[in-house]
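All remarks here apply to the structure that follows.
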């Protein structure tokens, strides 16, 4: 269905260019040349915005197509350039609406996915805690039956480490953020990525709704982990939170296999640029930037191979 709308868009824009050239030069050759250039421009636009089209609903595309078809009819009324300019303005407005709504829909879809994942991670964390409690009596029995004191101490230490492994990082976090952190730490351990957390202020204290907290934290940690896991050198992630002069400061550093300079020039500025290798849309970086901007915060990043450093400062009031 989306492909049909794209073809219609290409045909309509070519027709507008044809009519515009005809109004200017009254030459058939010039009109056909303008139509060809218009088709090429429309094709290039569709190619560059293909990630946005994928998130656009069929209903919105249908309404925009109706508006564009009706506006093209205006071109047939007159023979001067004014109707053509009006139609081009209508096309630009429709495409601005399409891109804005598609980006919003993609952001909401990502937020729903992140919340669903956070709930699953929180449930998994609860199951893990319950399973440890379930084995408590078995551990006590094993300690009672142990003979050498050294073995008993080592067993107790190992048992305590299992219980306290993530406790200090999850302290003070709400269930959703705790679920995101728990899943991140488990995936980092499975990927042999070293994690250093300095949580002077809970992530749950971020001045956002729980849904936006999950979106911000989840995307930051996911991007850092994906990049660090691909690093050829020492794979590590450092996350620090603190309060400074009325600002909530979140800093994340991660090793990376390298970044394209073209991506660095536009990262956190436009939809469709990703820090990851492969076919990624850059939706995570887009959402991070939108959330920080919406909270009147500031986002800065630096890249000195092999370390990518992200720093976010957001006004904070208790």
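Cβ from N, Cα, C; glycine included.
Between the listed ranges 72-82, 83-93, 94-104, Swiss-Prot ties the annotation transmembrane segment to 72-82. Swiss-Prot tags one of the stretches 4-24, 109-129 as transmembrane segment, and that stretch is 4-24.
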